[in-house]
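Trainee: When I checked Swiss-Prot for this same protein, it listed these features:
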BINDING   Asp16, Glu17, Asp108  divalent metal cation binding site
DOMAIN    10-198  domain 'RNase H type-2'
Amino acid sequence: MIEFVYPHTHLVAGVDEVGRGPLVGAVVTAAVILDPARPIVGLNDSKKLSEKRRLALFDEIKEKALAWSLGRAEPEEIDELNILHATMLAMQRAVAGLKIVPEYVLIDGNRCPALPMRSLAVVKGDSRVAEISAASIIAKVTRDAEMAALDLSYPQYGFAQHKGYPTAFHLEKLSEHGPTEHHRRSFGPVKRALGLVC
């Protein structure tokens, strides 16, 4: 992996998203500005960490970061805009919510939303940039908790296990029970469950 070279600036925010692929729930984004004086050991892509480690880092990031913020786009917005544009909107909301305005924003992936400050897309940024790793952890722990809460309301779908992703079990239950109000109606499997496509 090529080492990431940071821009020559002080206040750098990292941004990442969780939940582009699931059939249910919001896409959740986070923006984090870390404090160089309070380093956090063990930051990595949230998907590569155990749930226990993610939860511990989640608390440490919230305590030590100079600023952090969540952004989201709800299923209705995803259906109206499409998942890419909804994700960009959620990222804009996360950056706008920071209590400190960053000088530079590093975004995980290959494209940036329109922002009022300089930004750069970093491919595999969640493994290469500490601020993006921190954002991925904040976003994933938040969205996983939302799926666990949704699981209590709709236990038959197994949301706590698959987090809304289109697993065989989820697709089976979607076919059996139909979609909830939280499902994304523009996604193919949900359309099929509604009888909108063959």
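Each Cβ is built from the backbone N, Cα and C atoms, and glycine gets one as well.
Keep in mind that this is a model prediction, so the values were computed, not measured.
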Trainee: Once the chains shown are all counted, how many other Cβ atoms turn up within 10 Å of the Cβ of Asp16 (divalent metal cation binding site)?
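Mentor: A count of 31.
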Trainee: Around Asp108 (divalent metal cation binding site), how many other C-beta atoms are within 10 angstroms of its C-beta?
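Mentor: Around Asp108 (divalent metal cation binding site), other Cβ atoms within 10 Å: 26.
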Trainee: Which residues, same chain and not among Asp16, Glu17, Asp108, have a CB within 8 angstroms of the centroid of the CB atoms at the recorded divalent metal cation site?
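Mentor: Not counting the recorded site residues, we get Val15, Val18, Thr29, Ala30, Met91, Ile107, Gly109, Gly125, Asp126, Ile132, Ala135, Ser136, Ala139.
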Trainee: At a 10 Å cut-off from the C-beta of Glu17 (divalent metal cation binding site), count the other C-beta atoms across all protein chains.
Mentor: 28
